Amino acid sequence: MNTASRAQLRAFAHLSVMSGKDMMRNRLSGFSMAFMFVFLLLMYFVMWLSFATVGPEPVASVTPANQEVTRALQQAGVTVVDAGSPEENTRVEVSGDSVLATFNTESKPAWNPVWLALRDAGFTTNSITLVNEEGEVRVDLLHLNLGGITMVGIMSVALIGTAVPLVGMRGRGLLRLLATTPLRRSTLLLAQIPARLLVAAIISVVVIGIALWRRYFDGFDLLSFSITLAIGSAMAFALSLILAARSRKEEATQGLAAMLPILLLFAAGGIIPPSMLPGAPEIIMNSLPTTWFAAALSADLGGLPPFLPVPVLWAMMAAIAAIAFVIAARLFEWDQSDPRPRTKISRLENSTGKASS
């Protein structure tokens, strides 16, 4: 490693520490980064509580008789009775590797204990179907939307925690001062990321904890989910640096950064699934990199199948991350007026060259 590379590495470490300390001092920024993630998570958690846990305790029959399923139901606190018993309000029908649980429409028993029991009995998330007697599917809204919530959390950290502070530094003239040093643009941009990655890691741990508690992962889904988080986070930070590269007004950037994650959640199908839209809007929504991120996360959580295989989505997100960072470094402006101010050394070299000629 040559002297210049070592100098850039030292500058990166120093700027990373300074950026982290600045983030810790600015409590409002930390609140803004976490607000939308926490709000959406609490909203869907309350909805899950309302639909999954409220109601009388399930009293289930198992057909055909299956000792493993019966044992799992009993361990989950579900009373198991013979089929056709007067107290029965839930029917569990096992068919090979799949299972159908039908709940009484009038009594509306809580279905969460049955779901947990069937997961513990070894059934995959996609092989379990929960319906009432009229055929209406019991939907776990937290499960269905956890991928999109995670995407919003990571994008909020990237946009609010990374883009907004850089724009503020430009407005206060701090970047202008840094431009008089040999610091590279790429080094400055990369130095903003480590502290924010810690916040993204906290969000990831919370989501993984919920997914493990709710039995959302199957097989190697946890490993796949971790890879998706790593690649998607890299893409999110790279895209946020493009926003910071030329933006000049901190307040406007703050407003845009706060609004974008919700718009991206809508585009990713968090409100209306893309499959329910006509052809053209569905194609447009599925062409957004953030939709790839949310789709891969949802697939890893055992939710809706993605419109492309998850490894393909990984490759696409990795390509966008690399391209976006290169674009951000090329477009980056140190100052509001001069896109590429020259350093004192470069001005001295130019004047020396002219004098010698």
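Here the Cβ of each residue, glycine as well, is placed from N, Cα and C on the backbone.
Straight from TrEMBL, the features:
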DOMAIN    146-298  domain 'ABC-2 type transporter transmembrane'
TRANSMEM  28-51  transmembrane segment
TRANSMEM  146-167  transmembrane segment
TRANSMEM  188-213  transmembrane segment
TRANSMEM  225-244  transmembrane segment
TRANSMEM  256-277  transmembrane segment
TRANSMEM  312-332  transmembrane segment
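The stretches the transmembrane segment (312-332) and the transmembrane segment (28-51) do not meet in space: the count of Cβ pairs below 8 angstroms, excluding pairs fewer than 6 apart in sequence, stays at fewer than three. Contact between the transmembrane segment (225-244) and the transmembrane segment (28-51) does not hold: fewer than three of their C-beta pairs are under 8 Å, each pair 6 or more apart in sequence.
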